[in-house]
Amino acid sequence: MRVLVQKFGGTSVSSAERRAQVAAKVSEAVREGYSPVVVVSAIGRSGDPYATDTFINLVNGITLESPKREMDLLMSCGEIISGVVLTSTLKNIGLDVVLLTGGQAGIITNDCYGDARIIRVEPKAILDHLSEGRVVVVTGFQGITEDGQVTTLGRGGSDTTASALGVALNAEAIDIYTDVEGIMTADPRIVEDARILDVVTYNEICHLAHQGAKVIHPRAVEIAMQRNIPIWIKCAFSDARGTLVTSIQPDMGAGTDITGDRTITGIAHTPNVTQIQVPTHDAPDMLQVDKQIFKGMALADISVDFISVQPESVLYTVPDDLAKKATKILENLGFKPTAVPGCAKVSIVGAGIAGVPGVMADMVEALSDAGVRILQSADSHTTIWVLVNKEDMVPAVQALHKKFLLSAC
Ligand code: ADP
Ligand code: MG
């Protein structure tokens, strides 16, 4: 059996016309001899009637007091609706199809509601249907705990569903269909002349995705990488070739992008972050301070980023919506933090950055020429990050894209 996982994002199933295009991709896979497993996201994006955010707003958003188990039940509805709708579209073109929820498909998770991790997949139900010649549609973004509670997998969770199924079913490939023609050197909504990358390594896209390129969820890449299952990022509405995500290819021949790790793969951005500044110069026990701060955040499940520990102060960032919670915890610990909301993180990402002289100098030059002030910076062997004011985010991404010559020509 040649299993092919095909994942369709929210915009891909948002209208009858688009669902017809999706159905054509599925029937093409059947014609080519594949057994397709179709993973589907909730219909549309924020603001659309059946999008997950719309359901969340029915109960006035998620707050600290929200009952997590019930919120996950609510959030899992969007995929069930789109699953039923897409299944009926596929039936209408004559395919033998069955719809399974995450739980029915054997996706077992831990009980971290809202951001559950898949701990294993029990693929028997899917395999039984496939062996009887059925196309299996699986609702993305959700699973079930060992004791039968419905969980959701967090933002981008349908990508993770697709990868986990790809691994469990030993798929020939995982096709992630979305509304762009592949992975690009920057978000095409911000950089008009961003270029499609023909081939990227798991490594490269993982870094890019971790820094905010939401075209695929990083966890999905990590899962597929474990078994070396190729991922294709493709457009649901065109026949463009898309981007192949794979391990390093020794020689992909002329016309492809990869000759090992590129110096710079692309520019990524994450909006809506708050910088927390904690003065520590007058703390009574300097050695305990850093430990107290980060333990306080960890105990409250706040993931911190962009950490910079200095003798006089500790700086880090949190998502805007967690800033209040973070400052409250710090105040309770006796600190006097300052929160700087409305920041954005802009990163240049490339597995080949390490040891290449002048990348930071070029970055600073490009940003200062564009009038962008750097609030904080940090680097690793694959990424250089800068924190900027949110109104500087778009000019910063555009300036860096230009500086590092990532455009098409
Ligand atoms: P889906 O609903 O199909 O999962 P997403 O909105 O999660 O789609 O991801 C697709 C979006 O990712 C694109 O519309 C694009 O704006 C954005 N994006 C951000 N960075 C990149 C990038 N480097 N390459 C391609 N798309 C990107
Ligand atoms: Mg997505």
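Including glycine, each Cβ sits where the backbone N, Cα and C put it.
So that you can see what the record holds, here are the features copied from TrEMBL:
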BINDING   Lys7, Phe8, Gly9, Gly10, Thr178, Asp179, Arg189, Lys214, Val215  ATP binding site
BINDING   Thr52, Glu79  substrate binding site
DOMAIN    348-409  domain 'ACT'
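TrEMBL feature annotations superimposed on the structure.
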residue: Lys7; record: ATP binding site; DSSP class: strand
residue: Thr52; record: substrate binding site; DSSP class: helix
residue: Glu79; record: substrate binding site; DSSP class: helix
residue: Thr178; record: ATP binding site; DSSP class: strand
residue: Arg189; record: ATP binding site; DSSP class: coil
residue: Val215; record: ATP binding site; DSSP class: coil
* To do: Could you check which of the binding-site residues Lys7, Gly9, Thr52, Glu79, Arg189 have their CB within less than 6 A of ligand 2?
  => Gly9
* Structure fact -> Taking DSSP H, G, I as helix and E, B as strand, the domain 'ACT' (348-409) contains 25 helix, 13 strand, 24 coil
* Summarise the model's confidence over the domain 'ACT' (348-409) as a mean pLDDT value. => 90
* **Cβ under 6 Å from ligand 1: qualifying binding-site residues of Gly9, Glu79, Thr178, Val215** => Gly9, Thr178, Val215
* Asked: Which ones in the same chain are close to Gly9 (ATP binding site), with CB under 8 Å and 6+ residues apart in sequence?
  -> Ser41, Ser158, Ile176, Tyr177, Thr178, Asp179, Ala236
* Between the binding-site residues Lys7, Arg189, Val215, which lies closest to Glu79 (substrate binding site), Cα to Cα? -> Lys7
* Asked: Can you give the largest Cα to Cα distance in Å, as a whole number, for the residues Lys7, Phe8, Gly9, Gly10, Thr178, Asp179, Arg189, Lys214, Val215 that bind ATP in the record?
  -> 22
* Structure fact -> Rounding to whole Å, the Cα atoms of Val215 (ATP binding site) and Thr52 (substrate binding site) are apart by 18
* Asked: Between Thr52 (substrate binding site) and Arg189 (ATP binding site), what C-alpha distance do you get in Å?
  -> 22
